[in-house]
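Colleague: Please read through the structure below; I'll follow up with questions.
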Amino acid sequence: MSIQAPPRLLELAGQSLLRDQALSISAMEELPRVLYLPLFREAFSRRHFQTLTVMVQAWPFTCLPLVSLMKTLHLEPLKALLEGLHMLLTQKDRPRRWKLQVLDLRDVDENFWARWPGAWALSCFPEAMSKRQTAEDCPRTGEHQPLKVFIDICLKEIPQDECLRYLFQWVYQRRGLVHLCCSKLVNYLTPIKYLRKSLKIIYINSIGELEIHNTCWPHLIRKLYCYLKEMKTLCKLVFSRCHHYTSDNELEGWLVTRFTSVFLRLEHLQLLKIKLITFFSGHLEQLIRCLQNPLENLELTCGNLLEEDLKCLSQFPSLGYLKHLNLSYVLLFRISLEPLGALLEKIAASLETLVLEGCQIHYSQLSAILPGLSCCSQLTTFYFGSNCMSIDALKDLLRHTSGLSKLSLETYPAPEESLNSLVRVNWEIFTPLRAELMCTLREFRQPKRIFIGPTPCPSCGSSPSEELELHLCC
């Protein structure tokens, strides 16, 4: 029979205070720092929102991570905290012990509240204070700095989530006193005009990740250019399923020039992902030329590129240290792959992931990329499915991966000899050919996770994954 541990004195003190809400409110100014976090948790769990309103006005730490106390943000506790902050921000003289600089509404470490009481208890002792002065104890001088509210925002629908709508209105009414800092902003189906309204409220220079889905390039560039060029701390930029919707070549050229000029200001960009790349077909050099920072991750997928577009990839230093390159479903069967081979040779020392899935590469083109591929000693993931390869070409490809000892996940297409007139796998022919390919590969190295054949498998429905070791469906 297990014996439940008795409550700690700190917990008992907090519970005692919360039994009398009026007493707990009056005691805030003199409440020891060590009691603040457990008392706040208790008040939160008991829905003592009036206590929360008062506690935030005397918060003795620089950060308050609210969302880590709950799975999702709820309106009532948010209103209680913002009401307390409103009363405080409008005062010229603020409480002596109030040190709050950041209200964090992101999904951060849920162990924060369990871990920190002890740390704060330690910091209350003079010996600890003499050894290290934390940011919480550093005096603030001069004018009051704006309160920073951190949040990750995903705009999916109209009307907006009630918490987000309330927060936007609250911040807008306190411009200059509050900065709404958004480390990640994702826009799915929300019209661009609503995204613009959000960007007028968000502190633009705080956005580290931006994703825009399901819009059209002309509209996006016209409406968002003035905001994009100010996102100077942007690290990740994703455009997914942004459509073309213009047949005017002159207008298209102007739009591309205007858009690519944005990248001259993005000095911290590390990831660029553009799904439906056709809009930049023939213009990719303009974009790559404007990149100011060496990228780690480049994804240009789904569409058509010209040979001149491929050539530019190996000509600029911004792509010289790529760790991840994804060109999946960019149709490459009509152009020379020598520029791609040159790029692979250039980034061989850094490349970890290479995705050439569905590019319809023909076996006659393969020799152009094999020397570069064989040099990619850091490669861990290689997707090459849905390309047109003969059994001999696949054997040659596998031989060129013999020195890639770090490969842990790899996919290859079924050889064309196993395909029928409808380009479907004839399993009676395919099964021995796959065994032959595996035998060839094992002469050089032992694969870890490998998938040879159509994806997903029409027989068992499996697709390449980290869990799949060897695809042996018959």
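Heads up, the Cβ atoms here are built off N, Cα and C, so glycines get one too.
Residues or ranges marked as repeat 'LRR 1' by Swiss-Prot: 97-124. Under the heading repeat 'LRR 2', Swiss-Prot lists 179-203. Look at Swiss-Prot and you will find 204-230 tagged as repeat 'LRR 3', backed by similarity to another entry. Among the features that Swiss-Prot reports, repeat 'LRR 4' is placed at 231-265, with the record citing similarity to another entry. Per Swiss-Prot, the feature repeat 'LRR 5' maps to 266-291. The repeat 'LRR 6' annotation in Swiss-Prot covers 292-323. The repeat 'LRR 7' annotation in Swiss-Prot covers 324-342 and is backed by similarity to another entry. Summarising the annotation, Swiss-Prot assigns repeat 'LRR 8' to 348-375. The annotation repeat 'LRR 9' is assigned in Swiss-Prot to 376-400.
Relative to the rest of the structure, where do these features sit?
Modeller: For the repeat 'LRR 2' (179-203), the residues of the chain that approach it from at least six positions outside its boundaries are 106, 146-158, 160, 167-168, 171-172, 209-215, 219-220, 223-224, 227, judged by C-beta separation under 8 angstroms.
The average pLDDT computed for the repeat 'LRR 3' (204-230) is 93.
Nonlocal intrachain contacts for the repeat 'LRR 5' (266-291), taken as residues 6+ away from its ends with a CB within less than 8 angstroms of a stretch CB, comprise 217, 231-244, 252-253, 256-257, 259-260, 297-306, 308-309, 312-313, 315-316, 318-319, 326, 330.
Through the fold, the repeat 'LRR 7' (324-342) approaches residues 273, 277, 296-307, 310-311, 313-314, 351-362, 365-366, 368-373, 383, 388 of its own chain, all at least 6 residues removed from its boundaries and within a Cβ separation under 8 Å.
Assigned with DSSP, the residues of the repeat 'LRR 8' (348-375) fall into helix, strand and coil as follows: 11 helix, 4 strand, 13 coil.
Summarised by DSSP class, the composition of the repeat 'LRR 9' (376-400) is 9 helix, 4 strand, 12 coil.
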Colleague: What counts of helix, strand and coil residues does DSSP assign across the repeat 'LRR 4' (231-265)?
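Modeller: Within the repeat 'LRR 4' (231-265) the tally stands at 16 helix, 6 strand, 13 coil.
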Colleague: So what's near the repeat 'LRR 8' (348-375) in sequence-distant terms, Cβ-Cβ under 8 Å and 6+ beyond its ends?
Modeller: 299, 321-333, 336-338, 340-342, 381-390, 392-393, 396-397, 400-404, 411, 416, 455
Colleague: Grab the same-chain neighbours of the repeat 'LRR 9' (376-400) for me: Cβ-Cβ under 8 Å, and only residues 6 or more beyond its ends, written as numbers and ranges.
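Modeller: For the repeat 'LRR 9' (376-400), the nonlocal Cβ contacts are 328, 333, 344, 347-363, 366, 370, 406-413, 415-417, 433, 436-437, 440-441, 444, 451, 454-455, 464.
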